[in-house]
Amino acid sequence: MADPFDASLLDQATQVPYRQLLTSLHYLFPATVFLYYAICQGIAICMLQTKSAEYDHPRRRVILWLFVLCIITYFAQLVNLGVHAVITNQFPPADQDFIIGLLSNALVFGVEFVGLSDSPRPVWYPFTGSLGLALIVEPILEFLTLKVRIPAPLCFVDFVDISIVGLRYVFFLLALIVYFEGLRSSRREEGTDSERQSLLKVNGDINGHASRDSDREDQSDGQSEGSQQNGYGGTSATSDSSTDASQSPTTDHVESPWERRERQANEAMEKRLKENGNWVTYAKSFLIFFPYVWPVNQPSLQVRVVLVGLCLLAMNAINVLIPRQLGIIIDSLSHTNTRNPWTEVLIFAGLKLVASEAGLSLLRQWLWIPVEFYSFDAMSTAAYSHVLNLSSDFHDTKSSSDIMMAIQSGQSISNILESICFRALPMLIDMTVAFIYLSVTFGPYEGFITIATAAVFLYIATHMIARLKTARRGEVSAWFKEHYVRQAGIQGWSTVTCFNQVGHEEARYSEAVKDRVTKSQKVFFGYVVAYAFQFLVLLSGLLAGAFLAVYQVTHKQATPGQFIMLLTYWAQLVAPLTFFAGLGKSISRDLIHAEQLLEIMQTKPTIRNKEGAPPLHFTAGRVQFDQVSFSYDKKKEILKGIDFEATPGMTVAFVGATGAGKSTILKLLDRFYDVTKGSIKIDGQDIRDVDLFSLRAQIGIVPQSPILFDDTIMNNVRYARLTATDEEVHEACRAASIHEQITGFTDGYQTRVGERGVKLSGGELQRVAIARAILKQPAIVLLDEATSAVDTETEQKIQEALRVLCEGRTTFIVAHRLSTIMNADRIIVVRGGEIVEEGSHEELISLKDGKYAELWSKQIFVKPKDKTATETEGKPVEKGRKAPNIVNDLTPEATSSELAKVKSNPVVSTQPNEQAKSSPDNEESSAGDDSEASGHKKEV
Ligand SMILES: Nc1ncnc2c1ncn2[C@@H]1O[C@H](COP(=O)(O)OP(=O)(O)OP(=O)(O)O)[C@@H](O)[C@H]1O
């Protein structure tokens, strides 16, 4: 081969520009192809093209082989060059740029090959564009090579070289032709297919041509990978199908709660990504957190952030200076320069101190900690406040544990930023500096070795970790199974012992532990092997670099100190490389967590104050429901045209079957939801037009299942009015007939009630809730089955308490026990979301075929104070269970008088049981009570 460094050639001035161009092209060509590929892949990922790429190229495998052949040709050229060097006894070959160019091209097309083989349905333009670039540049390169060598006569080796280049050109060309031909033929077949296609899709045949696909194996790989990827983001096609799959879990794998949570979070992220259309818009949605991570109005903290940035830059400089200084010390010791070793060691010690935990690191932490805690503080407070201000529809649909986890996810956003700004960016700078510095010190070969080692390391690390994903998943579910078996055995110990199943449980647990241990070992071994491979790559890189450096030191092209510098520098690069290998995974995990918080922060409260809404001007307490309709889900109407008016001080009771919509009416009045149609007015003002706070200030509610805080009784009652004195609290409790009981507790009013009030009985809980409502002194009272959990005697006491509470106030009561509302001014019977009857007790029981009369007759036909009907009499009903719906808690005298009234209504008196059976409401409300009623009818 003609030597391009031949003096005779160099002398030719005309060759100089060509030579310079050729040299530049050797470096520029691989760099350009790589940049093009990286940018295109970046765009494809950002625009979610990689996720929606459904096109399954029928000749992908052929193209992959052509890529392999192209890469082989680069190595063939290198071998050819080596042969030439041996023949001409010029070893190592002098044509450095040429060799670097070949190696770089092999590396770049190697990276593309790996990218193509890893994605069964790739986005093609990064690959086809690279092939196109090669088709343009390769002839130019060859032309320049020949031009620079002329007029040297071409030898055999040159001919071999030209043939190899020609062959490669053919491979590049063929790859492009195969791509376009495959594209054309698959489109053609797709057209015919769609005409022939059966109406039912064959499983897995997404594009209608999987069955004839030569890359069937690849496709199945892809699908499994796609479904795996669904964990951390699969293609849209696979994610849809895998979502279906996940909805119908396979028989051999039961999804653990942890897996379900992860899967749902992933699916939510995928969905949001798809909605946003690309990663950039998606990432922009996180700007909502900007005021919490960036100290907006805190200049002192902002200065700290800038100083932290400077610290990081200084760290970058130190990372180069330390190995360099070590080299200088070695050189000064070996007298290859005139430097004083003592001074150099002192400088080294100074640099080490600055780089240590007591130096820049300490300074950085000192600067950063207030910023970090600002962010934590701002994010947690904002998330908590946002959640508290969201409306009922949100709280009714989200589980509290999910909400709490999401609030804690605020940390993930700081984690992402810290990973990128404080670790990834400085490490990237470190790597770039290392590449440049090593290239300058030891020449471009060393730079190439650094880059190639980093690329191979990252590939191996990311792929081996990804391969362990399935094994890791198996380990986690085995861990959950073990946990479950253990917990079930311990929690159900009495059952296990009673049934003599201790041995069985031991065997079950031992099996679960064995399974988990086996899986853990597999994962652990997998990690060990992965690390071994990663370090083998690093070692190979280090050895290659060290050999090159030794060669240069022995040829006086470098000093021993520089050799030491190289070894130290390499050791320093291991940490960034390992970090980068796991960066994608950690960012995607943090993103998924941050996504949960983002979803909450983007949720707007549906119940909001109108702009400039005035406070409610309460005058008397007239409440009007004007043709109110309502639906929770905007599909099924729960309330239909509810229309009534409560005059000030009136007591209105709602009765009806369970699920009829009674509690919903109360929720609408307290504006937990807004009506879908119609309006609710208080003293003539639409409740949607007044300030929400002022509305709720006028309303006191005793809910069906009151929730107390895990605090003292005193604090729980006082929660209604934080400024109330102890005496006022006592007074409210006296009015609620609970004072005596509280003072009987060991700690009196300071007794802690436990989580959600678990330490109180159902009756006590309800009375504490009534006391709380009494303390609030509301203008309008809502009682939603306020006495459902108490026995009849306690209830009579509570009735007295309620009379105190409701005195002179407009009151709405929901009750199943009709005896508790028979004195209400108006009773409204609700059925299927509609008012079917209304009037006073007397009016309603005299109605023929009346719903209320029917319910009432059922109640009083039960023998008064009957033991079977009121089993729990004398002691509060077990918490969480309602007292029986049909209870006759009237006195015998009252019962006789009511029976007389009912008997005057012939339909009701003759056929109470038949009516009960034929009524759908009764079927819903008290199916089990019918027999009870009929049974007692005879007795009465
Ligand atoms: N938050 C909610 N989201 C969706 N649907 C709901 C919600 N709350 C209640 N519902 C539905 O609305 C209907 C009416 O419920 P509501 O609680 O008003 O009935 P109710 O008459 O008070 O019943 P009960 O006497 O058992 O308390 C029911 O079918 C119920 O399933």
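In case you wondered, yes, glycine gets a Cβ from its N, Cα and C as well.
According to TrEMBL, the protein carries these features:
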- 27-50: transmembrane segment (TRANSMEM)
- 62-86: transmembrane segment (TRANSMEM)
- 98-116: transmembrane segment (TRANSMEM)
- 123-144: transmembrane segment (TRANSMEM)
- 156-180: transmembrane segment (TRANSMEM)
- 191-265: region 'Disordered' (REGION)
- 210-219: compositional bias 'Basic and acidic residues' (COMPBIAS)
- 252-265: compositional bias 'Basic and acidic residues' (COMPBIAS)
- 279-295: transmembrane segment (TRANSMEM)
- 301-322: transmembrane segment (TRANSMEM)
- 420-442: transmembrane segment (TRANSMEM)
- 448-466: transmembrane segment (TRANSMEM)
- 524-551: transmembrane segment (TRANSMEM)
- 563-583: transmembrane segment (TRANSMEM)
- 865-881: compositional bias 'Basic and acidic residues' (COMPBIAS)
- 865-940: region 'Disordered' (REGION)
- 906-919: compositional bias 'Polar residues' (COMPBIAS)
- 921-932: compositional bias 'Acidic residues' (COMPBIAS)
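Put simply, of 123-144, 279-295, 301-322, 420-442, the stretch with the most CB pairs closer than 8 A to the transmembrane segment (156-180) is 123-144. Against the transmembrane segment (448-466), stretch 98-116 shows more Cβ pairs under 8 Å than any other of 27-50, 98-116, 123-144, 420-442. Away from its own ends, the transmembrane segment (98-116) comes close to residues 4, 25-27, 29-31, 33-34, 37, 41, 60, 63-64, 67-68, 70-71, 74-75, 77-78, 81, 122, 126-127, 130, 141, 444-445, 448, 451-452, 455, 459 of its chain (Cβ-Cβ under 8 Å, at least six residues beyond either end). Long-range neighbours of the transmembrane segment (524-551) within the same chain, counting only residues 6 or more positions beyond its ends whose Cβ lies under 8 Å from a Cβ of the stretch, are 92, 438, 442, 445-446, 449-450, 452-453, 456-457, 460-461, 464-465, 467-468, 471, 558, 562-563, 566-567, 570, 574, 577-578, 581. With a threshold of 8 Å between CB atoms, the same-chain residues lying at least 6 positions outside the transmembrane segment (279-295) that come near it are 45-48, 272-273, 301-302, 305, 371, 374-375, 378-379, 382, 410, 413-414, 417, 594, 598, 601-602.
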